[in-house]
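Visitor: From Swiss-Prot, for reference:
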- Asn5: N-linked glycosylation site (CARBOHYD)
- Asn22: N-linked glycosylation site (CARBOHYD)
- Asn41: N-linked glycosylation site (CARBOHYD)
- 30-52: region 'Disordered' (REGION)
- 68-79: region 'Interaction with KCNQ1' (REGION)
- 78-103: topological domain 'Cytoplasmic' (TOPO_DOM)
- 57-77: transmembrane segment (TRANSMEM)
Amino acid sequence: METSNGTETWYMSLHAVLKALNTTLHSHLLCRPGPGPGPDNQTEDRRASLPGRNDNSYMYILFVMFLFAVTVGSLILGYTRSRKVDKRSDPYHVYIKNRVSMI
């Protein structure tokens, strides 16, 4: 008699769930536009002509992304410029640089 480790039942249940999900996604029951009972069932033409609440949401997203890019860019630019500046009061420039050339 074979011993089962439980993966076969798990595989069968996963296969059944995925098959049901695939059937639901490919059915045309969810995406039928048309008049129906209730105020929520409007046709596509009428729904497209109504002003939506989130019509300009993409502009808000672009604005936030632009502000983030400016902030990060200014931080990177400020950091790299601060590292490039040669400070004359740096001990390397005061004591070591001139003496190395003498050796």
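Here the Cβ of each residue, glycine as well, is placed from N, Cα and C on the backbone.
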Visitor: Would you kindly give the Cα-Cα distance separating Asn22 (N-linked glycosylation site) and Asn5 (N-linked glycosylation site), rounded to the nearest Å?
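Guide: Distance (Cα to Cα, whole Å): 28 Å.
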Visitor: Please work out the helix, strand and coil residue numbers for the region 'Interaction with KCNQ1' (68-79) from the DSSP assignment.
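Guide: Helix, strand and coil residues of the region 'Interaction with KCNQ1' (68-79) number 12 helix, 0 strand, 0 coil.
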Visitor: Counting Cβ neighbours within 10 Å across all chains shown, tell me which of the glycosylation sites Asn5, Asn22 comes out on top.
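Guide: When each Cβ's neighbours within 10 Å are tallied, Asn22 tops the list.
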Visitor: Using DSSP with the three-state reduction, classify Asn5 (N-linked glycosylation site) as helix, strand or coil.
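Guide: Note: Asn5 (N-linked glycosylation site) is coil by DSSP, not helix or strand.
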